[in-house]
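Reviewing the structure listed below.
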Amino acid sequence: MGIELLCLFFLFLGRNDHVQGGCALGGAETCEDCLLIGPQCAWCSQENFTYLSGVGERCDTPANLLAKGCQLNFIENPLSQVEILTNKPLSIGRQKNSSSIVQIAPQSLTLKLRPGSEQTLQVQVRQTEDYPVDLYYLMDLSASMDDDLNTIKELGSLLSKEMSKLTSNFRLGFGSFVEKPISPFMKTTPEEIANPCSSIPYFCLPTFGFKHILPLTNDAERFNEIVKNQKISANIDTPEGGFDAIMQAAVCKEKIGWRNDSLHLLVFVSDADSHFGMDSKLAGIVIPNDGLCHLDSKNEYSMSTVLEYPTIGQLIDKLVQNNVLLIFAVTQEQVHLYENYAKLIPGATVGVLQKDSGNILQLIISAYEELRSEVELEVLGDTEGLNLSFTAICNNGTPFPHQKKCSHMKVGDTASFNMTVGIPNCEKRSRHVIVKPVGLGDALEILISPECSCDCQKEVEVNSSKCNHGNGSFQCGVCACNPGHMGPHCECGEDTLSMDSCREAPEHLSCSGRGDCYCGQCTCHLSPYGNIYGPYCQCDDFSCVRHKGLLCGDNGDCECGECVCRSGWTGEYCNCTTSTDQCVSEDGVLCSGRGDCVCGKCICTNPGASGLTCERCPTCGDPCNSKRSCIECHLSADGQAREDCVDKCKLAGATISEEEDFSKDSAVSCSLQGENDCLITFLITTDNEGKTIIHSISEKDCPKPPNSPMIMLGVSLAILLIGVVLLCIWKLLVSFHDRKEVAKFEAERSKAKWQTGTNPLYRGSTSTFKNVTYKHREKQKVDLSMDG
């Protein structure tokens, strides 16, 4: 016993250290209330155990209770535990007796859980070799499947031959379906009821819902013979009643012939979608499917026109419950629909069926091998509200969190799964949960019991003397007072005490609503936010204002609802620093002389000033030039007139000081050119309040006034000199031009050569004119004389 307690002690110390304060703050007054706070909490049932005040101090972490003086054997802390009831070893190799095959371990266990805690257990699964197989062939016999029916006439023999390579114990059966034999799913004229294909013309069987034709058998020839004798039928709409048939094939276990220790394969063959759920309301069928077997003496579905089609959820429940693995063999056009169904149905697979079912054999073999290469767990039973999680550890040893399926397994490989179970709340009932591999009959049964009570609750002293002469019952180290009594030991009477002594004012709540009045005194409640204190529980250390989510800006202490700031901080929220280090600009001036330092930050007061230290100010000018008017007024004024400069200095934000005792290290040296061209120098400093002080104003290097006569004389002489120079230049230019013209004339004259002759310009003083008319008349006279 001592070793167990010592081990328990070290276990307590290591558990949940990060929540050690949560148990004591929960306000638990009984052991059971303490356990409900969390799995890390424990209760001290030791008599006369006190620490500080209040019954709630008995509830804490085991380590804290030990530190408070509670003896280890009085600490109530029930632990979650797993007890394995049945754990047969997994089967290895081929087994002669299929009933002795074990494919999951363990097989049964009990699990005791503390609310809020979790427990992890390991489940192992191994598929045994040469496991028996039952295959039920469920075929759509609507008119469009006529060629498929001819193709599978020898399927039984071929399938048995191929399956014999995989298992030595194989059986197969046959069933068919069309549609609910009711309008609007079929035509209801007498001729078409008798022969739905009369309009083709072709003979068809009357429309039927589901027919179970051949129970599971190992006689392949019998299967072939049954298939050869089948005839097609017909209906109106494209979706068929296949889900009705699946439901009956899954739940009619005895008539189908499903064995308990075999792999149940249901091959669904169709070229159309299937009705489900409330589709049958079109025919006026409103009674939900009950999930029961309704095969009559002829092995036909007798409730086809009475019950609705099953829903997907109902199919999942019955397929899982009866360990049936569904293989959808459908045409290419329907694959996308049935793939969606297969994602919801555990263990279901989908294969593409050729138009004439020519590949059905290969499809079945491939689906079987795929199913045998996968191990997937499913959880059944009372699982609502449980916290369940899985981690798969497949054949390569790699863990896959949040996964309960292993793929690409070989028959004989072992798949392990870590299953974590937790319950969030205390429950007065036990739960029964089943964990099983999909498609296998083996299962792990788990009985989950909540651990919500303490062992000390079994021992109760009614009207105990430990409770003030029998005024209460003593249990788990505390008194449960009888009516009319109160107090830790039931020492106070409710009738004899006034609650007024626990009120700060008559209109206030007792103990400010944050404590209990015991025997005229307030016992303040524990709070997860901090301490509640005061004679009336009126104070606390967590109700002060917050800055950026931090109590008192994390720079002060909360005392009775008000922030008391630490050194270096001020303000209602203690968020305002008194330091001015961040306000000093690079030149050492507080806020560059353009603002005030408030809460450690510069508030720029000069228009246009900005920046962390108001260093940017396009409209401000430099700090020296901004003081020009004040400085020039001070230098030009004498005596009483200097008082007139005070206003100008105020506008410039400065004060002139004659004191020489100041710190020159942080002073700014300024130089300005005055109106009289004198160089003005002065120093600028800043006092503790951020005000600008001007020191050491001096004026030097003033230029002498100009000599006006000398300037005028110089200007006159310069003008005269310029005139003389211009005249000389003009004279030189004229002389140069004349000389050039004379030289040109002399050159032309030297080139001239004169000859004697008549002057072409001379004319004589006389002129001779000849009368042309006179000569013509003389000629006429001569002619007349000759004629005569």
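Note: Cβ is positioned from N, Cα and C throughout, glycine not excepted.
Among the features that Swiss-Prot reports, domain 'PSI' is placed at 22-71. If you look up Swiss-Prot, you'll see Asn48, Asn97, Asn260, Asn387, Asn418, Asn463, Asn471 marked as N-linked glycosylation site. According to Swiss-Prot, the domain 'VWFA' annotation covers 131-371. The Ca(2+) 1 binding site annotation in Swiss-Prot covers Ser144, Asp147, Asp148, Asp271, Lys355. Annotation comment: Swiss-Prot describes 456-491 as domain 'I-EGF 1', evidence class sequence analysis. Feature annotation from Swiss-Prot assigns domain 'I-EGF 2' to 492-538; the stated evidence is sequence analysis. The annotation domain 'I-EGF 3' is assigned in Swiss-Prot to 539-575 on the grounds of sequence analysis. Per Swiss-Prot, domain 'I-EGF 4' is recorded for 576-615, and the stated evidence type is sequence analysis. Taken from Swiss-Prot, the feature topological domain 'Cytoplasmic' covers 731-788.
The two recorded residues, Asp271 (Ca(2+) 1 binding site) and Asn260 (N-linked glycosylation site), have Cα atoms 31 Å apart.
Among the binding-site residues listed (Ser144, Asp147, Asp148, Lys355), Asp148 has its Cα nearest to the Cα of Asn260 (N-linked glycosylation site). Across the candidate stretches 22-71, 539-575, 576-615, the maximum count of CB pairs under 8 A to the domain 'I-EGF 1' (456-491) is reached by 22-71. Distances between the Cα of Asn97 (N-linked glycosylation site) and those of the recorded positions Asn48, Asp148, Asn418, Asn463 are shortest for Asn418. Around Lys355 (Ca(2+) 1 binding site), the same-chain residues six or more apart in sequence whose CB sits under 8 Å from its CB are Asp147, Asp148, Asp271, Thr331, listed in sequence order. Looking just at the domain 'PSI' (22-71), the mean pLDDT is 80. Its Cβ placed at the centre, Asn97 (N-linked glycosylation site) has 7 other Cβ atoms within 10 Å.
Taking the Cβ of Asn48 (N-linked glycosylation site) as centre and 10 Å as the limit, one finds 7 other Cβ atoms among all the protein chains shown. When the binding-site residues Asp147, Asp148, Asp271 are compared by the number of other CB atoms within 10 angstroms of each CB, Asp147 has the fewest. Closest in space to Asn463 (N-linked glycosylation site), of the recorded positions given as Asn48, Ser144, Asn418, is Asn48, taking the CA atom of each residue.
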